[in-house]
C-alpha cells in the first residue's frame with residue numbers, strides 16, 4: 001500500500017498515513033492474526049457444540065479448559081508425563097541411533113539395501129499396532145514393553161528416511177567431491193551425510209510422531225499408566241472434562257515438540273530455507 | 001578463421017610439434033545399447049581455450065567427463081601432461097553445469113573445498129580461497145550462502161573453487177547455461193580476462209555458437225550421436241579489441257554463420 | 001542389486017527373511033515365533049472359517065466406509081484450501097496439527113461419543129486418513145500452473161469445467177499420492193480402532209489368539225493383514241504411475 005507522494009506532510013494526510021501505518025502493522029502480523037482467528041473459531045465452535053450439547057459425553061470448551069488448568073496446577077499432568085515420557089524418550093533414542101545408522105548403511109551399500117530395505121518398507125506400510133498384544137505377554141506390562149511399542153512404530157520411518165536421504169544425495173555434489181579427489185570417507189562425511197541430514201532429521205521428526213502414537217497405544221492397550229491412565233480413569237468415572245483435557249494435553253505436547261524440532265531443523269540444517 | 005575439416009585431414013586433430021596439454025586417443029563410449037562417442041582423436045593445446053560444440057546429445061559433456069575421469073571410457077585413453085588418466089587428478093579441475101555448490105557451506109568454504117579435501121590447514125586454504133574469490137569479483141560475499149547469490153555469482157564460486165586447487169587444466173561443463181543472458185555476457189568477458197591472466201588450459205563445453213566463437217581459441221564441432229569430430233575451427237579474432245567491438249567484428253559474425261550452416265542439418 | 005551378473009529384484013530379499021523365520025521357528029528357540037510353514041498352513045485354514053470371514057468383512061466394511069468419507073471430505077477441503085486463502089489460513093493450523101498428532105489418544109473419546117461399535121472404527125479410519133489427503137490435495141491444487149487456469153478461462157471454460165477438466169485433473173498426481181498415504185494410515189486406523197474397541201472384527205480375533213497363546217493363528221492374521229495393506233498401497237501406486245507421466249511436465 002503506497003500513498004501518493006505529494007500528500008505527505010500536509011495536515012490532511014495525517015489520518016490517512018495513520019491508517020496506512022495501522023494497515024502495515026496489521027499485515028506484518030497477518031499470520032499471527034489468522035492463527036488467533038483460527039484457534040478462536042475452533043474453540044468457539046467447540047463451546048457451542050458443548051452447550052447444545054451434541055452428546056452427554058461432550059463437555060464445553062470452558063469446562064475442559066478449567067479441568068486442564070486444574071490438572072496442570074495440581075500436579076496430575078506432571079506425574080502422568082513423568083511416566084509417559086520415559087518409554088517415549090528411551091524408545092526414540094534407541095530408534096534414532098539404530099534407525100539412522102541402519103538407514104545410512106542401506107543408503108551406502110547396495111547389498112544392505114537389497115537385504116534390509118524391503119523389511120522396513122513392509123514394516124512402515126503395515127499396521128504394526130497389531131503386534132502390540134504380542135509384546136505384552138513376552139515383556140509383560142512394564143517399561144520394556146512400552147519402549148518396544150515405541151520402537152516398533154518409530155524405527156521403520158526413521159530408517160527409511162535415512163536410507164532415502166543417503167541414496168538420493170545430490171549426485172552432482174558427489175561428482176564434485178570425486179573430481180577434487182575426495183576419498184570415500186570424505187565423500188561420506190563431507191558431502192553425503194551433510195546433504196542427507198535435513199531429510200534424516202525430518203525422519204526423526206516423523207519417528208517421534210509415530211512414537212507418540214505408540215506410547216499412547218501402549219498405555220491404553222497394555223496397562224493404563226501416565227497419560228493413558230488419566231484418560232482411562234476419568235472415562236471410567238465419567239469425568240469427561242478431565243478426560244478431554246488429558247487428550248488435549250497429549251496432542252498439545254506432541255504438536256509443540258514437533259514444532260520445536262521443525263524450527264530447529266529450519267534454523268540449523270537448512271540455511272537455504274532460512275528467511276534472512 | 002582457419003577451418004580444418006576432420007575427414008579431409010585426420011592428422012589435423014593432432015597438433016604436430018606444439019605443446020599439448022590433453023591428448024584424447026581413440027575414445028569411444030557405449031551406454032548399454034547407445035553409442036555416445038566413436039573413436040575420438042583430439043589434442044588440446046596448452047594455455048588455450050578449446051570449446052567442444054555440438055547439438056544436444058552429441059556426447060560433448062560425456063567426453064568432458066571422461067577427460068575429467070568422472071566416467072570411464074569404453075575404449076581408448078586420455079593423457080594429461082603425458083600421464084594416462086585413470087580417474088580424477090590434481091592437474092584437472094571441473095566446473096559444473098549446475099554449480100554443485102554445497103548449500104550448507106559459505107562461499108568461503110565452498111571455494112576452499114578442494115583444498116580442504118587435500119587436508120590443507122584452515123588458514124592456508126582460506127588465504128588461497130580469498131585470493132580467488134577476489135579474482136572472480138566476489139569479495140565481500142565470503143560468508144554468504146549459495147542460496148543468497150544469483151546464478152551468475154554461484155557459478156563464479158564454482159570457478160573460483162576450480163582455480164583454487166591450481167590445476168593445469170580446467171574443464172567447464174556448460175558453465176553459463178543456468179545463468180541469465182545479461183550475466184552470461186559479463187561472465188564471458190570476465191572469463192576471457194581470467195584465461196589471459198591464469199595461463200591455464202581450458203576445455204569448455206557449450207551449445208551456444210556465439211559463446212563458443214566469442215571465447216575460444218579453437219572450436220571442435222561434434223556430430224550427432226554417435227559423437228564424432230566433424231569440424232575444427234580456429235576463429236581468428238582480435239582479442240585485444242573491446243568485447244563490444246568483438247561482437248560486431250565481421251570475422252566473428254562470419255564464423256558464427258559458418259558454424260550455424262554446418263550445424264543446421266543436425267537440428268530437427 | 002546384482003548377483004553373478006543377474007539383477008535380483010529388491011523384494012526378493014524377503015524370501016531370505018522368510019527362510020530365516022522358518023529356521024528360527026523350527027529351532028523352537030522362541031515360542032512366540034512358530035515356523036513360517038505352520039503359519040501359512042494356519043492361514044489357509046483360517047480363511048476358510050466363518051469367524052475369520054465375518055471378521056474380515058466387518059473390518060473391510062469399516063475401512064471402506066471410513067476411507068470413502070476421508071477421500072470425499074479430504075479432497076473437498078483440500079480444494080477449498082488450495083483455492084481460498086481465507087480457508088487455508090483458518091484450517092491450515094488444525095490440519096497440520098492433526099496430520100501428525102497422536103490420534104490414538106482420541107479413540108477413547110470416540111468410544112464414548114459413538115459407542116463401542118463399528119461407527120467408532122469408521123470414524124477412527126476417517127480421522128487417521130483424512131488429514132494427509134487434505135494436505136496433499138491442497139499442495140496439488142496450489143501447484144496447478146496459473147497459465148493452465150488462464151488458458152481455460154480464455155477459452156471460455158465454465159466454472160464447473162475449470163474445476164473438473166483442468167484443476168482436479170492437473171492436481172491428480174498429488175491427490176493420488178495423498179490417497180495412497182491416507183490408505184496406509186487408514187489401515188493403521190482400522191487396526192488401532194478395533195484393538196481399542198476390542199470386540200470387533202480383526203481386533204477381537206487378535207485379542208482372542210494372543211490371550212490363548214495361539215501363535216500360529218496370531219501370525220496368520222498378521223500376515224494376511226500385512227499382505228492386504230501392501231497390496232492396497234501397491235494398487236494405488238500403480239494407479240499413480242499411470243498419471244505420473246504428466247506430474248513432471250505440467
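Including glycine, each Cβ sits where the backbone N, Cα and C put it.
The transmembrane segment annotation in TrEMBL falls on one of the ranges A:88-108, A:151-171, namely A:88-108. A Cβ distance under 8 Å defines the sequence-distant neighbours of the transmembrane segment (A:32-49), meaning residues of its chain 6+ beyond its ends; these are 26, 58, 60-62, 64. Recorded stretches compared: A:88-108, A:115-141, A:199-223, A:243-264; the one with the most Cβ pairs under 8 Å to the transmembrane segment (A:61-82) is A:243-264. Residues 102, 105-106, 148-149, 152-153, 155-157, 159-160, 163, 214, 217-218, 221-223 of the same chain lie 6 or more positions beyond the ends of the transmembrane segment (A:115-141) yet place their CB under 8 Å from a CB of it.
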